[in-house]
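One structure is given here, and the rest of the page talks about it.
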Amino acid sequence: MDGDRVEIDGGIMEGGGQILRVSTALSCLLGLPLRVRRIRAGRSQPGLRPQHLSGLEIIRDLCEGKLEGGEIGSTEITFTPGKIKGGTHIADTKTAGSVCLLMQVAMPCVLFAASPSELRLKGGTNAEMAPQIDYTVMVFKPIVEKFNFTFNCDIKKRGYYPQGGGEVVVQMSPVKELSPINLTERGTVTKIYGRAFVAGVLPIKLAKDMSAAAVRCIRKEIRDLYINIQPVREPDDQAVGTGSGIIVVAETSTGCLLAGSSLGKRGKNPDKVGIEAAEILLRNLKHGGTVDDSLQDQLIIFMALAKGVSRVKSGPITLHTQTAIHFAEQLTKAKFTVTKSEEEDPSKDAYIIECQGMGMINSNL
């Protein structure tokens with residue numbers, strides 16, 4: 001078997017968990033045995049963390065595969081995939097590890113299962129270094145569904161750093177194949193909305209302060225639009241622990257969604273949290289692309305699997321996106337090209353990511 005294993009160097013480029021997520025998902029989908037060495041070599045604490053291990057375990061369970069080296073701190077794993085099956089699958093990081101990152105690794109696989117799937121994902125819903133669950137529902141979901149599939153995402157409980165304890169249930173049915181997407185026309189911003197939340201012992205005033213600061217910051221650049229950022233206190237029976245944060249979304253006339261978000265933490269001024277989210281949003285609006293920095297890399301695996309040519313206009317290509325493209329090309333027959341967008345406006349820094357997808361067919365259907 002070893003002769004046929006695909007060898008992945010987990011220490012190059014972004015050098016983190018994303019290499020593991022993209023390569024194991026594709027290994028599962030394509031039935032390619034895999035060895036990943038130097039896992040997260042680019043991180044201060046190399047090797048598998050609880051969240052990465054949970055991701056590997058859910059992929060293993062989804063396809064009844066074999067995983068060796070699957071323990072915390074391990075810097076090398078081998079994975080032998082089996083057949084992807086539907087049904088209920090549970091992944092629990094037992095920490096504040098991001099449920100959104102678990103979703104990233106599992107979702108492409110269950111699209112090509114034999115029957116509908118339910119993923120019960122436990123951990124942090126609003127975690128550092130990962131998309132917040134609000135981003136997943138408000139931005140990622142409506143855009144990724146343009147690949148011609150749908151999913152339901154039910155937030156049962158929110159969980160925050162350090163203990164996690166959140167739970168999200170994702171339900172989706174398999175598809176025969178994915179359609180390509182064409183997201184190249186930004187259009188004009190038609191509305192800006194969002195939510196500023198507090199949970200646990202924090203007062204609602206914090207959410208109101210984050211919201212007001214974000215609105216003030218955006219108003220300096222965009223004067224004539226109604227901005228609706230709802231301050232909310234998460235119900236105690238739907239949140240574990242104490243947390244706060246904000247997400248601000250801009251919607252355009254062509255249906256593009258771009259966002260900025262930020263998390264509160266002890267000692268961090270709520271105004272600063274709001275301003276941070278607003279500045280990220282404004283930066284994403286400035287480059288002229290149709291997707292923001294956080295969505296860019298999450299679309300790559302779907303573009304690679306789709307049938308036909310996908311085109312997405314984005315801002316400067318992030319290291320995460322370069323990494324996703326590199327491993328998608330290494331493992332599939334997809335071909336990506338990235339070119340500077342020929343803008344009339346030289347102040348815009350936009351790029352076209354084009355992909356000739358491999359046209360994955362679900363042989364189970």
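Glycine is no exception: its Cβ is also placed from the backbone N, Cα and C atoms.
All TrEMBL annotations are machine predictions without curation.
Among the features that TrEMBL reports, domain 'RNA 3'-terminal phosphate cyclase' is placed at 13-338. What TrEMBL lists as ATP binding site is GLN104. Per TrEMBL, the feature domain 'RNA 3'-terminal phosphate cyclase insert' maps to 184-285. If you look up TrEMBL, you'll see HIS320 marked as active site, tele-AMP-histidine intermediate.
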**Study point:** GLN104 (ATP binding site) and HIS320 (active site, tele-AMP-histidine intermediate), Cα-Cα, nearest whole angstrom
**Key:** 13
Study note, to complete from the structure: Ordered by sequence, the long-range same-chain Cβ contacts of GLN104 (ATP binding site) under 8 Å (at least 6 apart) are ARG21, GLN298
**Study point:** Three-state composition of the domain 'RNA 3'-terminal phosphate cyclase insert' (184-285), taking helix and strand from DSSP
**Key:** 35 helix, 37 strand, 30 coil
Practice item. Looking only at the domain 'RNA 3'-terminal phosphate cyclase' (13-338), report the model's average pLDDT. Key: 97
